[in-house]
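Step one of this worksheet: look at the structure below.
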Amino acid sequence: MSMSKLDSLFTAALEQAAQRQVRRRLRRATAAPPGRLALDGRTLVNFSSNDYLGLARHPLLAERASLWATRHGAGAQASRLVCGNLDLHEQVEAKLARLKGTEAALLLASGWQANAAVLPALFKAAAAQGEPQVYTDRLNHASLHHGCQAAGVRQIRFRHNDLAHLEHLLAERAGAPGARFIVTESVFSMDGDRADVPALAALAARHHAFLYLDEAHATGVLGPRGMGLAGLAPGGVDLAMGTFSKGLGSFGAYVAGSRALCDYLVNACSGFIYTTALPPAVLGAIDAALDLVPRLDQARAALLGHGERLRASLAAQGIDCGASSTQIVPAIVGDAGHALALAAELERRGLLAVAIRPPTVPAGTSRLRIALSAAHGEAELDQLIEALAAGWRAVRQAA
């Protein structure tokens, strides 16, 4: 068996992570019906998936993925600027732009790649105006911070969802050189709370700032026709980034905005230029999801209603769920050991709700990140509420 020269360091780092109760391990899952997961020989009700609308197992997505793969092949064969720009890519982009109400859209390989590569390209375009002023929410996803760090720009961080603080920071630097960017999310993945997008857009307009909005966890679930919260802002936002891997049940990501913006990214975004294009099967699933999602208002309403009911139950049990107002409901228990124990209690009762610990969330805020799905019915929600109450009692008694 081969060993690397650094295995001793890797092993030591893993041991330290285990001592802090933050070591992670992969668990093998197999296919199960929507809203469920087969894990270690058991079928569990799945409250950890980002498949918010239950589309990952929808027959139309599977059928169109298979059809497009059969007709067009298993792969795109190259990056889009070489010879991988299929008519299918442009078809999906045009459909997405129509639904988003933007001039154009551009497909990318993943949400992480989009944020990590698009942000540096934007900052490069503005370099002639001086060092860009980049205002970021303190709880932004790691990929947004990574994109800023990759560009070598200084982040001016505002308190989470605190638009008064953001406006104060912008006013402090009024007249300073450099293009202004506000980078934030519409729905925050670990807390399930929302940004006030119309107010953000108005604030950005007042301060002549470019608004970059990550809609990964809103796409499919929130906003007009399920197309995200950018649609609530008159005139939209400068750039909306979103994914197809969560509410839309497939894979990949997009940016939507002006034609000039998307054409510029084709020429300047490394993550677009140097990556093999999305394959036909993935494009087929995306295309099918885009046909379905605008018609799922009833499913979205039921999903958000489940969130309201769960939050009320957690509050009655004395479990903090922060400012959640979406399908993502954190059960914040603080201690990493308590979060692991509560997750184990739920799994013993047939439910999967994974514990989230530092560094994914700040120290002292370990939690179960409960992700609801339209595939869950009232019976599954009842089961979750009962298991949380019993499990939390058991954890506190054992502490």
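Cβ coordinates come from backbone N, Cα and C, glycine included.
As recorded in Swiss-Prot, the features of this protein are as follows:
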- Arg24, His141, Thr360: substrate binding site (BINDING)
- Gly111, Trp112, Ser189, Asp214, Glu215, Ala216, His217, Thr243, Phe244, Ser245, Lys246: pyridoxal 5'-phosphate binding site (BINDING)
- Lys246: N6-(pyridoxal phosphate)lysine (MOD_RES)
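Where Swiss-Prot records a feature, it is marked here on the structure.
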residue: Arg24; record: substrate binding site; CB count, 10 Å: 11
residue: Gly111; record: pyridoxal 5'-phosphate binding site; CB count, 10 Å: 26
residue: His141; record: substrate binding site; CB count, 10 Å: 20
residue: Ser189; record: pyridoxal 5'-phosphate binding site; CB count, 10 Å: 21
residue: Glu215; record: pyridoxal 5'-phosphate binding site; CB count, 10 Å: 31
residue: His217; record: pyridoxal 5'-phosphate binding site; CB count, 10 Å: 29
residue: Phe244; record: pyridoxal 5'-phosphate binding site; CB count, 10 Å: 29
residue: Lys246; record: pyridoxal 5'-phosphate binding site; CB count, 10 Å: 27
residue: Thr360; record: substrate binding site; CB count, 10 Å: 16
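Of the chain residues outside the pyridoxal 5'-phosphate site list Gly111, Trp112, Ser189, Asp214, Glu215, Ala216, His217, Thr243, Phe244, Ser245, Lys246, Asn50, Thr219, Met241, Gly242, Ala253 have their Cβ within 8 Å of the site's Cβ mean position.
For Arg24 (substrate binding site), the nearest neighbour among the listed binding-site residues (Gly111, Ser189, Glu215, Phe244), judged by C-alpha distance, is Ser189.
Per the record's binding annotation for substrate, residues Arg24, His141, Thr360 show a top Cα-Cα distance of 19 Å. Of all the binding-site residues given, namely Ser189, Glu215, His217, Phe244, Lys246, those whose Cα is no farther than the 10 Å limit from the Cα of His141 (substrate binding site) are Ser189. Classification of His141 (substrate binding site) by DSSP places it in coil, neither helical nor stranded. Residue pair His217 (pyridoxal 5'-phosphate binding site) / Thr360 (substrate binding site) shows a Cα separation of 16 Å.
Overall, the recorded pyridoxal 5'-phosphate-binding residues Gly111, Trp112, Ser189, Asp214, Glu215, Ala216, His217, Thr243, Phe244, Ser245, Lys246 cover a maximum inter-Cα distance of 15 Å. When the binding-site residues Ser189, Glu215, Phe244, Lys246 are compared by Cα distance to Thr360 (substrate binding site), the shortest distance belongs to Ser189.
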